[in-house]
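Down below is the structure, laid out as structure tokens.
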């Protein structure tokens, strides 16, 4: 089997939509990795709204690879950090928000291949879709070049994020940060409510609101689970609270 002609499922891609050569070149430069098999990258960027094959299997693989690589990176970088803090810190770096941030920096939203309906509804900007594509790309690199190479790519991608870390905030998720900040100012804890749930049962997207009445702050978040949506809303509320108060 000639891999360059096949997807990770071993089936020739029949999708009419293709990546443009110029887009492929620019993306490779940003990513710091050039795919030897462009069809594999195309699969990683193909949303399930286009049918099969799509990037869901590569996303599954990339999720495991990313967790292993980030765990190793944090273990080596923060030698004195205890297991509990390392676990929470890793969660912050492999969650939807972090992956969406990486995907946006790479311009994945402009490259993602979507069905017409999904694109018209703004799918190319949806955090969950971009985060999933980021994981799929990581899975594709691993499949093509092995762990050592994908680990190098992941370290390069995460270095800027690690350099921005405030040591006092290690291992704390947005909801915890917001709660501690409000408690330090003797303000009532935020109120979370689900505004909307859309999508099929196996692929739901939650829209959650975070309200801090005393600060007149009202933010929203979106995620593939209620918890992820709450974390996103809390992250935005925390940023506003720190700036205003």
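Each residue, glycine too, has its Cβ placed from N, Cα and C.
Quick look at what Swiss-Prot lists:
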{"type": "DOMAIN", "residues": "24-146", "note": "domain 'RNase III'"}
{"type": "BINDING", "residues": "59, 132, 135", "note": "Mg(2+) binding site"}
{"type": "ACT_SITE", "residues": "63", "note": "active site"}
{"type": "ACT_SITE", "residues": "135", "note": "active site"}
{"type": "DOMAIN", "residues": "173-243", "note": "domain 'DRBM'"}
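In the structure as shown, the Cβ atom of residue 132 (Mg(2+) binding site) sits within 10 Å of 27 other Cβ atoms. Remark: residue 135 (Mg(2+) binding site) has 58, 59, 62, 63, 66, 99 as non-local neighbours, by Cβ distance under 8 Å and separation of at least 6 in sequence. As a summary of secondary structure, the domain 'RNase III' (24-146) carries 94 helix, 2 strand, 27 coil according to DSSP. Fewest Cβ neighbours within 10 Å among the recorded positions 59, 63: that distinction goes to 63. Here the domain 'DRBM' (173-243) returns a mean pLDDT of 91 for the predicted model. Mapped onto DSSP helix, strand and coil, the domain 'DRBM' (173-243) counts 35 helix, 23 strand, 13 coil.
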